[in-house]
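What follows is one structure encoded as structure tokens, with my remarks underneath.
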Amino acid sequence: MPSTNKLDPNESHVSRLLQNLKPSGLMSANIDQVNGTNNNSDNTDSFENKTLNFSEYKSKFKTIKIFVASNKNEFDIESQCLLEETQPELQQYFLQFGYDFLFIDVNLNYDYDPFVDPYLFECLKKEIDDCYQTSDGCFFITLIGNKYGSTPLPLELTPTDFENIKLSTSSSDFELFQSWYTLDKNYTTPTYKLRSLIDAFPNFYNKNPDNYEQHMNERKIFLEVHHKLIEIIQNAIANFEFNAAKTNAKPLNSSIKAKNSHNDLSYYQYSGLELLTHFAFKNSLNECVAVCRNIENVDISKKNAEKYVDLLSNGKFDKQKDEKQHKYKEAVLMRLGAENRHEFTIKWNNDYEDIVELSNKNNSNTASENEDSTANITSSTPESTQSGFQKYDLEFRNYIHNFNAIVVSKVKSLVEKKLQEELQISTKPKEISILQEVARHHFKFETLSQKEIIESSDYLERFVKLITIGSKSDHYPIFLYGAGLSGKTSLITKLGLHAIKIIDTKNYFLLVRFTDLTSQCSTFEGLMYSLCEHLNILQNLNSSNEIENKSTIQLIEYFFKICHQISKANKNHLIILIDGLNDMNIEKIYLNKPNLSNNQISWLFNHQLPPRIHLIVSIKRQIQSQISRIENNDNLLLQSKNYQNNPLAQMNCHAAVASTASLSSSNVSNVSVPLFLFHFNEKLSSETENYLFELPIGFKKTDINDLISYFKNELSKYDRCLSDDLIQAIVQNIYNHKQNDSSHSNQLMVSQNSTSTTPEYQQAIFLYFNYVIKEIVNVNRINNNLFIESNLEKFPKDLESYFKYKLDLIEKRFNFKMVSCLFNYITAAHNGITEMELIDLLSCNNEFFSEYYNNTELPSMLRFPISLWLALKYQLGSLITSKYMDNKLTYSWSHDWVKKMMKQRFFNRVDQIRTCHKDIANYFLESFVETKPLVDMNKNMQIRDEEGRRFICQQPLLYSDVRYNYRRMSELWYHLMNSGDIHRLKEHAFFDFEHLLAKCHGMSLQILLNDIEAVLRRILDIDILLMSSLLKKSTLTLSQDPLRLSSEILTRLRPLQDEYGEHVKSLVSQASYWCENHDSPVLVPLSTWLDSPENLLITRIDHPDGIFKIAVTSFNQHVFFSSSKHEICMYHIPSKKLVRKFTGHTDSINCLQITFNNRYLISGSSDQLMRVWNLGTGEIENTFTNHKSAILCSVITHSDEFIVTGTYDRLINVIRIENGDVVHSVEKHFDAITALAISLDDSILVSASMDKTVRRWSFEDMQVLDNIATIYSSVTSMIITRDNTFVVIGCENKTVQVKSLITGTDIHDLVGHNSDITCLASSHDCERIYVACSDAKLYLYDVRSKELIAILIEQESSINDLRISSDNSFLFSSSGNSLYVLNLKKKKFLSRLKSKELEQNKLVKAIAMSKEGDMAITGDESGQVSLWNLENGEYLETLIEPSSDSTRYGVCKLALSNSHLFSVVAFTDNTVNVFDNEMGDIAADFAEHQSQVKHLYILDDNRRILTSDGFNLCKIWLAHTGQLLESITVACNLLSLSPDMKHVVSGPGENVVKIWGLNEAKVIRSIDHPNKITVIIFTHDSQFVITGGEDNSCKIWELLTGKLIQVLIEHDGAITSIAVPFNNNLVVSGAKDKLVLLWNFKDGSVIHKLSAHQDIIVKAAITFDGNLVISASKDGVINVWSSRYGYLLTSLSLQFTLIDLVISPDGTRMIGRLTDSTNIPIIGLTHKSPHDYTRTISQSSLKSFDYLTKMHGGSLPLKPKPLVFAKKSTNLLKLFTQEEKKSSERRATRRPSEIVSHIQAEPISASQPSSRGIFQKQKRKAKKSSEFSSNTSMSTKEEKQRKTKICCLL
């Protein structure tokens, strides 16, 4: 039976969510209980009393959607101004804050009065509510003029009202009335409903060209009917006075309470404009704006006066409506505050007719001028602009200007005010953001919880038991799994309610997440982050500190940890519901981390949850093909026998359980089980077998009485009912229909005619009933008599039937082309589409304008009529839904099933799909911001330039310097991919540095990787593969700091940019440019030390029947291969999916060729047949039967005209592909033909045979040119290079011979392999030859030098065939049952080292930098010394070559002289060499040391050298001769030389060091530490010595006196590095405690603790000017800090253990020495203004929200590009200027109009005199129009203040 479990009506889950909500700490519900400080249950009293109003936390949708209400045609020019001037200006303003802005102007480009269409009017009321729910600050603008306007018809009437109308109406009139209102008994109280317009007038909405005349006639007739029906209703209201209070009251009067408008007849004495205003005011007065325009002295005798005032049918003034209009305007002004209203007064001009005539004449002249030329035909001026009042007067132009200024000012003011109010709720916008994310999920849960479902008593009983057990002891999560439409979402919601009821306490927390609702929860990483964030708030923890920068696995572990803390801390229950956790997400985590232990994902699968923590998860069941893929990926072998008998019994799930339904099957391929069950090894136990619930419930288990009861209950919620007999008949009809469908007896609601039996089409009865019931109850539809008993046979009996019925109705109202345009954009969207995006896209759709305006002139403004969208949106009803994706409210189809049906019906052509995606991609690329031409030569139409403007909003990557455009980041790549434009996909997405950085920084690296992986599942592209590999190798680094993306690109891709295409080179340039121009410092890699991101093996496709001959399409997306079953299989390479099989051959297939135009596949077989297959259809195009023996080889000419075949019977046949005619058949060989090749120009054919010869032929006449007879072995394979230079021959004797194609002479043999040769291939650059052998190895040779470059051993068995891709990027090889795709651009294997001296074969042992910081030298353990240019990181030369004998020792110390004139090198053999860098020779040798040199200095005179060794000897000697000047015996294991070269501090490496004079060689004094001294430095003025030691302190000593002047104590580890700036005001120190401290030199205080390192500090330095601190740790992380503020400015990870880092004095260049790496890291530091980095911080600081709040949101690492401000529209200007010359005299004599501004006016009471009299008293004349404009406009300073303020708010 239907569930009757309800929540307490006085308590919603959202309110419970907000209990104990505090302004500074959101959902810290009962914090004392959570922290375990107070376990008294009495705390729940205070817990319940702290509920706040959630309306204050209204969820932001980043949208401002303002409904514009006005009478039809009355405000045409103002509407044009709103579109052309106001909306673009406000869009530009709000765009910088990430807001969409849109006017909902229902009259725009809509050719019918929306108030006359009663169904559309209902849509307008709903849209007003939607605008209120969506927008912030302002949602409604009413334009009030002199006209009262039309009154809409009621959709429903009560029987009482109907009878009263009957009594007050004549019989003839009532007959008409009765024909339009019929009794509908399907209400709880029977109601009279308005007849459907489409029933009465089939062409009322259809503007099809064939029915256009009838369409216009029907509209005219209905207008008369409408007028008559309204007259009947209003007469009845006046005559019978149904309710005096209602009759006399004004709808806008606050005393009238909101009612259901279509049930209150009294409302229909008011105009549609007043009613809409009333509905808007009910929502919020403070967010509405009224602009009143009073036209004085309207002459009703003039033409078109009816547009501005109400006239009777006889042309007289309608006084009754005029009185209503004054009361309406008066009430509006009374209720709205001064800041929400504005009034204008303008005068009517009696000579306007002259202007109209001139205007029309001018238009006709223009038309005649363009009559002969179709190139200049433009859209016509709308009727409203061809008549009116003072259109061309300066006064009216000023009025329009001021109108625009007033609307802009008031909208800005209201929005800013609203945001300021919301800011007062909490001082932490981050907390508001968390609350909004949580609230969205809980609101959906609240909505779903009100729906009833048919529940099964067996699983409900089991669920109660599980929750009871979980409340007391450890337990497992509960899983729901099933296919699409199986009811998982409904069931998990109900189980959540049951769990709340079972625990029977108010001490619970409910966490709900729907993975398809918001963009954050759409990825597994985002979902876990959101849950951890929520749990942190429950625990009153700082989420930004606890979970930032954590990986997915770490988030899982943290989640489990917090659950245990909550369980132990208090007695509250925690219920977590996760809906839609697709098991493929878990598969991805597992497959990417094959070494993960089960414990790392134990929170979900195999670890018990603590008591009172209840986790319920729904998972989508995948089909068997995906299970097979898991088996292949994880090498998980299934025991087929056990699997067939009971799959779940053999599945490994420690956490999950057994199915309620039998999963036994006799065929393994038909079984579908959760994929996660394959990852564990323990069998199910009786303890865990009940934790899995499989959906859907079998249909046979559902009783028909339950369905009837469910149907009744759902109808009653909407005040609807059907007779018992009718409900019985409906349900019985459905039930019988399904019972007869034996093929789906265990599933619900599958169409009997459906050809699909996949789970996606196993439709749930609840979804079906939901659609049907909504269709019955919705009064806003164009209904027919579908649900009447007489039409029961037409009742849609399943979802597919309902869907067809629904769309048939829509297409009946709107034509197919129009709805397909709109539906296709929704279908094509990736994460849904916003309303603004949809309207903009439709406005750019030329096909729509050509179709919709087929019989009428195009509007002057090419903008999609919003009224059409509203009518369609609300008619779609339950088929469409809204979600919060990418920080915006988006529309999408309500279910995947709906989307699939839409694709089948509308979105089913390739060209259509690509065009749609291209449109959306162009929209986000801002291609049509300024204009889009509209050209239709068939209709003689061409609109270009300004007249083609579509008034669309811009979509920049950055809205501002603090805000990303997440919509563009999420959608652009997807639509570029689906548009088929790979070049633009790479250019604008995956090789656009700004896009990549924004994606990593603003979203996450994982999301970017997901995007790229989605592309690679569809497209095989070498560049995108490289990017994927790069990001995967950089995952750890970029997860810690996305700003390191530039360094990863530069260090990994720079060496490869010449090998790859233009996009890689462009990306490297962009990364360099970003580094150079970024506002904050950036560490830029100048050399390469990281591994190449390239992978040799791209992919592998397995086929059980073997893979032999292969052929690849020219775009590398599909491969064809022959199998052992004589079939040809076609696979999509990226997805590894079998696309098609080609069957027909009866013997082995020996050759496969694809024509160069990719049109035909041609196969030759041992069955003597050659078949031609059409690749478009998959059918056999032709079969050539003219061979008499097996076909062994073939080649196609490059013209695609001929195919040449070689046969076993020695024949060479030239066959015309088109018709199969044999052009030539020659026999010159003496044995079977084994190989054929043809030159690039098709002039020379080369054949090879088993007769040990190769022959050259003239292809034109097939005459033998010459023979190559020196082969001496049978030929098995042969190729010619593309440049027609070489013939490469593979022989039976295992030799590979290279011959000249021209002369046939021997060149050389390729030697290095020793197995049988199976096939050959040549690279397209004609430099490399690939030799495939039977030993499963692939040998790579240089064809010219015959050098063996590499041996590739990816294959597992003998290689059968090779193919090189047409772009020379991929090598395809077949081996055994596998096809391998290899990367031909992988540099490590496929290119020789051009300069072997560049390769550092040995570990670097010493580095040194010149004092200027522009040069460096390195020395390695082989004795090689190299010179490097630090400006660009380039290697210059090798100064000292490594020794060829083993007696040479490695380098231990280096020094580089001033101006790098010479280098000093100390070797491990105790010798020192001086190398003249200019001459390239060794200038001097020094061999006076008896042990290895430990210290080496070049003195300032550039002549003397100081060295010290391990025997405590210091020696001073001449650089140019090596002559010893002085030898000093002193302890010198630790030594430092003063900058002035006068003093030395040295020691034995213990706790005492000595200061001695360099010139006198005399010890001056000693200084000491309690423990070992580790560091000694001098200040730059040589006045002080600073030492650091293992006592964790730094000491500052006066050099001359030895006086200790300061002790710096704060470290907790031994000091490892010390530095001081030039002015000695600071000291920076690093230690083993991983801290870098910045000290005040004078008082020894700590200025900043710099604590970002995770390892021992290797280097701490400070720039010469003292502005930057540079630190490096042992783990290879280099950080740059602001010494002034202590902020981390930038960082770089070397990803190797760092031994030493040398830094230039200005900090701009660094060179490091690494452990276990032969490469040299050279890093540059770019920065613009080093003196102040107030607003520049790294990613780690960016993620600190406290900082972001202080800095008004913080700045992003990218700069927003200037917005493309569209040109001011000339359409309005044309209205004002086209007659300016002809009417200048008349305008000069005109009196200036009087303009009234009542911004500060007092509210007008209803008891006061009419508004007209009050207006006259308050009126004052404006001195100048410009003065008014300046009064109403904000000053520049005020505008800047507002922007600063709003930036803080947002």
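Placement of Cβ uses the backbone N, Cα and C atoms for every residue, glycine included.
So that you can see what the record holds, here are the features copied from TrEMBL:
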REGION    363-386  region 'Disordered'
DOMAIN    788-913  domain 'NWD1/2-like winged helix-turn-helix'
REPEAT    1142-1183  repeat 'WD'
REPEAT    1226-1267  repeat 'WD'
REPEAT    1310-1351  repeat 'WD'
REPEAT    1397-1438  repeat 'WD'
REPEAT    1535-1566  repeat 'WD'
REPEAT    1566-1607  repeat 'WD'
REPEAT    1608-1649  repeat 'WD'
REPEAT    1650-1691  repeat 'WD'
COMPBIAS  1778-1793  compositional bias 'Basic and acidic residues'
REGION    1778-1845  region 'Disordered'
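Sequence-distant contacts of the repeat 'WD' (1310-1351) (same chain, six or more residues past either end, CB-CB distance under 8 Å): 1276-1283, 1285-1286, 1288, 1290-1292, 1294, 1296-1298, 1357-1364, 1366, 1368, 1371, 1373, 1375, 1384, 1389-1392. Look at the repeat 'WD' (1566-1607): DSSP puts its residues at 0 helix, 25 strand, 17 coil. Residues 1192-1195, 1197-1199, 1204-1212, 1214, 1273-1280, 1282-1284, 1287, 1289, 1299, 1301, 1304 of the same chain sit 6 or more residues outside the repeat 'WD' (1226-1267) yet have a Cβ under 8 Å from a Cβ within it.
Counting residue by residue with DSSP, the repeat 'WD' (1310-1351) contains 0 helix, 22 strand, 20 coil. The average pLDDT the prediction assigns to the repeat 'WD' (1397-1438) is 85.
Distant neighbours of the repeat 'WD' (1397-1438): 1085-1087, 1448-1460, 1463, 1465-1467, 1475, 1477, 1700, 1702, 1704-1706, 1708-1709, 1711-1714, 1716-1720, 1722, 1724; these residues of the same chain sit at least 6 beyond its ends, with a Cβ under 8 Å from one of its Cβ atoms.
For the repeat 'WD' (1226-1267), the number of residues in each DSSP class (helix H, G, I; strand E, B; coil) is 0 helix, 23 strand, 19 coil.
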